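Peer 1: There's a structure below that I have some questions on.
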Amino acid sequence: MAEPVLALEGLRKQFGGLVVTDQVTLSVAPGELHAVIGPNGAGKTTLINQISGVLPSDSGRILFAGHDITRLPPHERARRGLARTFQITSVLPAFSALENVAVAVQAHAGSSYRFVGDAAAEPALNGPALAALEEVGLAERADVPAGHLSHGEKRALELAMALVTEPKLLLLDEPMAGTGREETARLIAVLRRLKGRFAMMLVEHDMTAVFALADHISVLIYGRILLSGKPDEVREDPQVVAAYLGDEIEFER
Amino acid sequence: MTQAVGPVEAAPRTRRSRAAVALPLVLFAALALLPLVTAALSAGYMLDLFVRVMIFAIAALSVDLLIGYAALVTFGQAAFVGLGAYAVGMLGAHEITDLTIALPVALLASGLFALVTGLVCLRTKGVYFIMITLAFGQMAFFTASSLAPYGGDDGLTVHERSTLFGVAVLDRPVVFYYVVLAALLAVYLTCRTLIASRFGRVLRGAKDNALRMTTLGFQVYRFQLVAYVIAGMIAGLAGVLLANATEFVSPAYMSWQRSGELIIMVLLGGLGTLHGAVLGAIAFLLLEEWLATLTEHWKMIFGPLLVLVVVFVRGGLIGIGTALAGAVSRRLRRG
Amino acid sequence: MTRTIPLLAAVAAVALVAPAQAQDKAQEKLKIGVIATLSGPPAVLGQQIRNGFQLAVRDLGGKLGGREVEVLVQDDELKPDIAVGKVKAFVERDKVDFVVGPVFSNILQAIVKPATDGGAILISPNAGTSNYAGRDCNPNLFVTSYQNDQMHEISGKHAQDSGKKTAFIMAPNYQAGKDSLAGFKRWFKGEILDEVYVPLNQLDYSAELSKIAAAKPEVVFVFLPGGMGVNFVKQYRQAGLADTIPVFSTFTVDESTLPAQQDAALGFFAGSNWAPNLDNPQNKAFVAAYEAAFGAVPATYAFQAYDTALLIDSALKATKGDTKDRDALRAALKKADFVSLRGDFRYNTNNYPVQDFYLTKVAKRPDGKYQTEIVEKVFDDYADPYVKSCKMK
Amino acid sequence: MSTTLLVVQVLNGLQLGVLLFLIAAGLTLVFGVMDFINLAHGVQYMLGAYLAVAFYGLTDSFVLALVLALAAALAFGLLLEAAVFRHLYGRDHLDHVIATFGIILFLNAAVKYVWGAAPLSLPVPEALTGSVALAPGILYPVWRLVIIGSGLAVAALLWVLVSRTRMGMLVRAGATNPEMVSALGVDIRRLFTLVFGFGAMLAGFAGIMIAPILSVEPGMGDTILILAFVVIVIGGIGSIRGAFVAALLIGLVDTLGRSFAVDVLRLFMSSSTARTVGPALASMLIYLLMAVVLYVRPTGLFPAKGR
């Protein structure tokens, strides 16, 4: 088996007296889409924040492509190929969609201390950016300020921004939250197209999306991994069904 | 569908960019022609006034660079102006008057001060940043006030204007005027270029959404620090010119009221447009000059004027212009 | 939008140039620019200068040396660069022959060059710094007040002469403050228990008052102009020190601050070249006229500004109203051929006055107003020592 | 540097501290609850002092002047809120800055227009003049003790109001999470108006109490405003407790710095150098303190949670 892109070892985060994540151990293989599911307050977003470095971890280790990144600042992690989207969409609202992606290209290109030259007119930045917009189906909205995009479009834009950084791993924090049925279907299609190019960790409530996309699923409850396995195993695990999935979940195949 | 949406959404962009090109062109053309007007009216005094205006415009540009493009509301920019001025004054006191020495020293001093204080200030955000820049401004002010060998609180006279390779080029008012205008133009273009560059794009992005920029891999703090140093040096340049214009250097140049006035100029003109800062400096100082000739109590008029500008229009004078232009074009389209 | 800009510029140009053109017709008028601090807390001093000068012009029938006078007044806002701008406007736009002002020494430092380089004659009705009395003395600068140090020397001399052994001295932490304490120490040879510099515009003197109470000096000397003096005097009285330790001062208790200090200042001593009750007919007339016109007792600022107008009047009479021949004008000014409100007055070679100085004391007049009153003469025909380093003859 | 002198200086520092607290309390509330930067808070302090002088002139009674001036300060604060500030809630901080700066310019010029440029004064109430002997030979003015006492009383009152009443609960909640307060169905506008008026009155009260000690003059609020901002920033914006601690800290540091800086420096350097450096250092001590505090704790000593 190939070396995992991401390996978490006993990760823990505590806010005051409240333990939010505890002894989280899991690994993501290259090219794999690993979904993390769990009820509200299970610590999913905290986990994403710990991995991306927005929150420091109290204990445990984060190995990324074999290197310990537990103590690295977020921008350092990003530079090593760890990209993320946010639960609440996070784009640059005053910038056009194209410029949003172009900034991401620029981040990846790593030469941002250039004080001359019109960045907005650089083919080296705009070319890949436009291509990424194409991939997520936003090419026609390239000139629209990101603040004016619909919710689903912002999600797609975030994806495009992550794409151009050619990440080794993409952390997706509830990309389907707040999107309409139609947009959800479109996003699922986009993600399916991207699958295999890099590893993804998907935190999601929408079980349709999770079971449509995931190669591997971990169930997080009260900050701990309850179970980790293939979608079929998870679906059929009585413990999960009882504790979390219940009867309400409809499965589509 | 998107075909129809496109042009409508694009329309404000083109209008804005047309104004962004035309307005500064007109502004600078007017400034370039001014000496002809003053010569015709034999109002040489106006040159001095506009020299002062342009120097403050340079300082205001540095403030706009920070507030308007990097979301760094600095309340201590006057300290850098003062540093530049003191470089001229103190070197002058030791009979070093040449710009080839004074200018680099001034820029280095203000840049270094910005670097050191910026390292501390940029740890904080928002109002805390405002106040910590104020704190450093005040420290600079009190330090200058206690410089007894250089006049202390009284300030010191600059006995002769700076020379260039030993030639007293700045002594002729018209030449000095054009030197200041050239400096203003250079600073304006520098800022313009900077903002459009990759570097500037990171700054603007961080203003929009700093967390997003960080997770994209930018170390925002460093970009802001570089911007802070550049702005400090620009303000230092304004100080060099101010010392030459007034032929006097004083701790008063560093007072917090001065820093406040610079912010007001930028806001009055229109934040985040650059030419708004220039326009704001012109409007602020001319208004002050004009109102003061009307009545001793001119601040009773000036104060409410500022309130009205804020309450009823957004985006300062540039905002008024845009709103007017919008209303006119709507009227035209309808009629 | 784009069209409004040149329009604005044109309007601004016209607005700023128009006064100059309008005045062209009245070429005969003598133009005098008065620059004084008219905003912020020290505005009261600037107003005294403006009022004193305008009163003199009025008393002289609107004419100085036979020429109609136009007095232009500008506020320096106590900002040196603003002052420079205003003075340049006087000289270059308004083409004034005389600039009268300012109140403060730091403004004087800033405006001497632009005023005199521009060809005007600068007459300072208050600030008189040591550098212009000595090394930097200037033929186009005249001072109608005093050399700053002299006012402080009065207290030092009197403390010494009256046999005081210990003193506590205090001034703001700026150049004039340091000069002040140096001036006091030039004559006082007793022990200085403490020499305290407070930040400029300090409001609360509790810290210093405690020190004074602990040090128990025989005399306190302070130089705390304007609002600082008001605060100090009130707090000194409240601390119960006023009845035990006498205070000698300069610019701390005068007619500009007494309306606020009132009874708290009674018995405080000051050094001055004049007082409202100085006994000569011209001064009596001046004080009465000033009080009638402005409803307040004049202070030194007002009387010196009044004298400034008298000085210009005398010089223009000598030159028959001519200001073009600057050598003649300067010579006439230097003669100082006028009856000063303070009595004896003549110019030294450095264009600073030689005059008498008095110890004064705060008193309440029968009409309920407060003023300083002459106690005794401390210096007779006193010249400043800096004149030695002035190269002018 | 005797112990008695030190005691007196500590009292002096305390007096400056409570004065700063009176001003900073309103400022930090308005800032914390409404997210509004009110630079005009300093001129409200000035106005309090002027109103007290004016009413004293009319009534010849300090108590009456105090009551009337407080009422007028409150009324003026409410008027200002309704006329200007109400239109600016939710706008950018910089809009607040420019508008309230305009109000400063106006009011400074207006008081000069109405009352003249000369400093005015208010006598200490007859019963509270004089000094008490703290130790043989060391007198302390009664009025200063009154200021300290009334400042502490106001602080205690504020503490009760904020921690024990429903209104206080809302104010605290508003400082940490304004959305939540409006979600509770509270008329947030009325709460704002109330807090604002109260803050204006506190600033006015500070002005009235200090008028017998300091000269009343145009622009007297500008310096104190900056100090008050230093206080609320060190204390943590929106925190009354922070404002209290920071105000006393600033009061003490400033007073003690001014009285002992030269003496302390004399231990390290020559007397004349100490005299030059000391006062400059003393002037910047509080700014140095603020820079250090913010460096160590970028949101102040007691940051209100959630912002």
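The backbone N, Cα and C atoms fix where each Cβ goes, and this holds for glycine too.
No curator has checked TrEMBL annotations; they are predicted automatically.
Take a look at what TrEMBL says about it:
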- D:6-29: transmembrane segment (TRANSMEM)
- D:36-56: transmembrane segment (TRANSMEM)
- D:62-85: transmembrane segment (TRANSMEM)
- D:97-118: transmembrane segment (TRANSMEM)
- D:138-162: transmembrane segment (TRANSMEM)
- D:191-214: transmembrane segment (TRANSMEM)
- D:226-253: transmembrane segment (TRANSMEM)
- D:274-296: transmembrane segment (TRANSMEM)
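Help me see these features in their spatial surroundings.
Peer 2: Note on the transmembrane segment (D:97-118): residues 37-40, 42-43, 46-47, 50, 53-54, 80, 84-85, 88, 217-219, 221-222 of its chain, located 6 or more positions outside it, place their CB under 8 angstroms from a CB of the stretch.
Within its own chain, the transmembrane segment (D:226-253) is flanked in space by residues 10, 13-21, 23-25, 27-29, 31-33, 41-42, 155, 158-159, 162, 175-176, 285-287, 289-290, 293-294, 299-304, 307, which lie at least six positions past its ends and keep a Cβ under 8 Å from the stretch.
If one looks beyond the transmembrane segment (D:274-296) by at least 6 residues along the same chain, the residues whose Cβ comes under 8 Å of a Cβ in the stretch are 227, 230, 233-234, 249-250, 253-254, 257-258, 261-262, 265-266, 268.
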Peer 1: Pairs of Cβ atoms less than 8 Å apart decide it: which stretch in D:36-56, D:62-85, D:138-162, D:191-214 has the most with the transmembrane segment (D:6-29)?
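Peer 2: The stretch with the most close Cβ contacts to the transmembrane segment (D:6-29) is D:138-162.
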Peer 1: Counting only residues 6+ away from its ends, which parts of the chain sit with a Cβ under 8 Å from the transmembrane segment (D:36-56)?
Peer 2: 23, 26-27, 30, 62, 64-66, 68-70, 72-73, 76-77, 80, 85, 88-89, 93, 96-97, 100-101, 103-104, 107-108, 111, 115, 120-123, 199-200, 203-208, 210-211, 214, 216, 218-225, 228
Peer 1: Going along the chain, which residues at least six beyond the ends of the transmembrane segment (D:191-214) come within the CB cut-off of under 8 Å?
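Peer 2: The answer is 19, 22-23, 25-27, 29-30, 33-34, 38, 41-42, 44-53, 65-66, 69-70, 72-74, 76-78, 80-82, 85-86, 89, 121-125, 143-144, 146-147, 150-151, 154, 167, 170-171, 174, 181, 220-221.
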